[in-house]
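Colleague: The structure's right below; bear with me while I get my questions together.
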Amino acid sequence: MPPQRGKTPKKNKNGSGSQTEPVEVYCRIRPLDNPDDPVCLKAVNTNTCILTPQENAIARNGQVKELQYQFQYVFDEYTSQKAVYDYVAMPLMEDLIKGKNGLLFTYGITSSGKTYTMTGTPDDQGLMPRCLDVLFNSISGLQAKKYVFKPDRMNGFEIQTDADAMMERQRREILPGLTTPKTPGRGRNHGEFGEHGRMSDPTRVEDIDEGNIYAVFVSYIEIYNNYVYDLLEELPHDPITGYKPPQSKILRTDSNDNMYVMNCVEVEIKSPQEAFEVLYKGQKRRKVAHTALNAESSRSHSIFNIRLVQAPLDANTDMIAQVQDQEKNICVSQLSLVDLAGSERTNRTKNTGERMKEAGNINQSLMVLRNCLELLRENQKTGLGKLVPYRDSKLTHLFKNYFDGDGKVRMVVCVNPKAIEYDETIHVMKFAEMTQEVLVTKSQQVKFEILEAPMIKKPPVIEDYIPMMTYSLGPTFPSLEVLHCRDEYTLDQLSDFLDERNRLKENLMIDFNRKQDQFRAQLVKIEKEYNEMKSRSHESQSVLEKRESYIQKLESRLRSLEKRQDETSRQFKECERERRELESKLQDKNMKIRQEKTEKDRLRSDFRNRLEHNNQQWEKNLQKERNKIENELEGQINEKQHKLNMLRHIVNTETDSDTPTARFRTPAPKARTYTTPGKIMSARSETDMSSVGKNPVPTPRSRTQTATVTSARSMHGLNKVGTPKNTPQYNPRHRRSRSSNAEIWLDHRPPGSVELGTVLQPKLKKKKSVSKLEVKDTKEATKYILTHQDIDSAGELETKLIKGNMLPTAGGGTAVVFNDVETLKQISPGSRKRRSSCPQPTDYDGDWTDVEDRCGIAIEGHSRKRSRGTEKVSRV
Ligand code: ADP
Ligand code: MG
């Protein structure tokens, strides 16, 4: 018959309606080694302790900043192991028996009393031995026969029949080298928990369900450097060094999502003594393994698991009730007792090389534990389902289920109150404070449901095959007393009786032989069945072995894959680190590029500014230079003008000597020069020619005189080269737009002009009157009118209005082309001098040479002489 199987029942998850409870945190303060040492932690009451900083950490204002911490219970240095057990572990033990899981761990720095609290000493036992004592005290008399419950290597249990269990018992006792440790013989060293001197705990859990049978299994594992080792596994033997380093184990999830260590040895124990033997063996292996691994015990997490398997008994058969779904019939509860590695920070362990790596890993496991608890707390507060990084370390991965609501979690924070441990203690306290804010789901009590009638067939026993034999000896002997020698009657009676008995005996013999044959046949049948079973079991054994070897192969493959995974993750981390480095380099380079760019921009703008500044400087210099040249030219012009005047004076003086009217001569014609920035405007009229008594005023329209407004450079060029090519060019046919139907007159009346008050006045529609000529005035005007007054030969005031068109020149200046002269004369009624008022044609003789021409010769070095009536253009 196949064995019945059962699994750890699936505990309730964080479903709706499930109650939660916080992680219960207890604080235990250990006594000082030297009572005179200063302390930093004191218990104030059963729930509170105060952490006082070291003397040198006192605040600046001189006040001592005390920190207060509240816990479920604070055990001071005088608290006994028993009291700690009663408060902390007893409820977990009660839960275990009720089918609930529990996790109890001790946390603290090295030498803070974690191992003392968890294991203790033989005469003052810690939590673990007391748990075992109490468990066996409670289930005594209710234990199943050994091997009735059998681990199925997948975190579940199978139920075997009593016969199979007995066979297994024999097999295990006969065959050496099986995975379970052998029961040590009497007198062997049982370690520190040997029976001699051990003070067992007499407590027992009341209210035990006596309708169940129980079996206890223990396993003992260690997590070191984030590798899981089985402390109950036979160590591989090395012929040279003794033991080889142990193989690490893999964590797996069973069909109910419970985490377990794959292929971890689980030993069924029937008494606390057996448990201590297992524990002792584990500790011994731990030492050996540590030597082989060159490890240190304070840097490893040790986990002692107690699994209690229970199943209800059938009231009729006094055997385990058999149901179809064995998962509902078997309850497996677990209590994990964890002695964590020292929580001190890495920098405190002055290790180097390998040791440093270990220390880092240990702290990393505790760091992950801390992170997980923090995230759990955050998730519970905020309702956000952030992923808790259980998988980041083997420790948290293994206990994932507890935090996900699979049992009670309790923590004993062990503290060494020594003042020098203040810095570490503050971290421990913070962690402890945070931990008690984490909520875990309350697990429910397991109820068994026997759904069907038992299916198990009672195993055949020998009595079943032996028919009930009732031996009848027949009628009792008749009276054998012979009364006399011929007492035939009695003898006959006796003879009949004996015959009868003989007959009966023969019948019985026949019956016996028949039954004997029957029995033999039955026996042969049983033997046959037995042989068949044996061969079948051999077959299944070989199948099992094959499966085992296959599993081992798979395991080794898994291990190699895990190693490869480790290697890949290491490479990945390395690549990640390199990527980060490259990224930072890239950022540096980008920053440099940006800096260079801004520097370039700055230089460029600087250069532009300088260029602009230079240009301005240059322009200023040029301007200065130009002004200087202009001034020089002006000086030259003035000088030439002066010479011209002198020449005029000479000429006039000569003429005067010939003509008596010369004394009425007006001064030599004036050349007015106006200087504006960048331009010199010189206006010169020919009107003074008419003032020469000898030379009559030319007929209007017969001569056109021009005043030119030009740039200094043009003038300079003209004066220097003396060729018309260098004079400002204008278009004599140019006509300004007349669309506006308005001629703008520039009425130029030099200062000192006399008002005439005549009847006839020139009629100018739009005019601008100026006394001094400016360049801007010449820009707008289209016509030019110059008022020139002089005294004629008769001593009368003669006013001439010289008119001209204003034309723009190629050099940007304005040229005035004189085309009309109006002469105004006022004559007193008594005067008869006609000659002066009316010029005669004879005035224009062929030898006439006007002053202008003569001055032109002096200044320009050339003269143009034209016949009368032709236009004459003169430029200055
Ligand atoms: P840990 O496991 O935290 O490194 P241990 O449990 O090994 O520390 O304790 C260090 C020492 O302190 C041991 O010698 C232990 O006997 C002693 N000790 C710790 N706690 C107590 C206590 N409550 N009472 C008496 N001795 C204690
Ligand atoms: Mg320890």
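Numbering starts at 1 and runs along the chain as displayed.
From the backbone N, Cα and C atoms, a Cβ is placed for every residue, glycine too.
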Colleague: Of the residue ranges 344-365, 564-585, 828-849, which one carries the region 'Disordered' annotation in TrEMBL?
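Modeller: Per TrEMBL, the stretch marked region 'Disordered' is 828-849.
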Colleague: From the binding-site residues listed here (Ser111, Ser112, Lys114, Thr115), select those whose CB sits under 6 A from an atom of ligand 2.
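Modeller: Going through Ser111, Ser112, Lys114, Thr115 in sequence order, those close to ligand 2 turn out to be Lys114, Thr115.
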Colleague: Among all chains shown, work out which of the binding-site residues Gly108, Gly113 has the most CB atoms within 10 A of its CB.
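Modeller: Result for the most crowded candidate: Gly108.
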Colleague: Other than Gly108, Ile109, Thr110, Ser111, Ser112, Gly113, Lys114, Thr115, which residues of the chain come within 8 Å of the ATP site, judged by Cβ distance to the Cβ centroid of those residues?
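Modeller: Same chain, not in Gly108, Ile109, Thr110, Ser111, Ser112, Gly113, Lys114, Thr115, Cβ within 8 Å: Arg30, Thr106, Tyr116, Gly342, Cys414, Asn416.
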Colleague: To which of the binding-site residues Ser111, Ser112 does the lowest count of other Cβ atoms within 10 Å belong?
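Modeller: Relative to the other binding-site residues in Ser111, Ser112, Ser111 has the fewest Cβ atoms within 10 Å.
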Colleague: Sort out the sequence-distant neighbours of Lys114 (ATP binding site) for me: same chain, 6+ apart, CB within less than 8 Å of its CB, listed by position.
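Modeller: Set apart from Lys114 (ATP binding site) by at least 6 residues yet with Cβ under 8 Å, we have Thr106, Tyr107, Gly108, Asp339, Leu340, Gly342, Val412, Cys414.
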Colleague: Could you pull the average pLDDT for the domain 'Kinesin motor' (22-438)?
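Modeller: Overall, the domain 'Kinesin motor' (22-438) comes to a mean pLDDT of 82.
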Colleague: Take the Cβ of Ile109 (ATP binding site) and count every other Cβ within 10 Å, whichever protein chain it belongs to.
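Modeller: Taking all protein chains shown, Ile109 (ATP binding site) has 22 Cβ neighbours within 10 Å.
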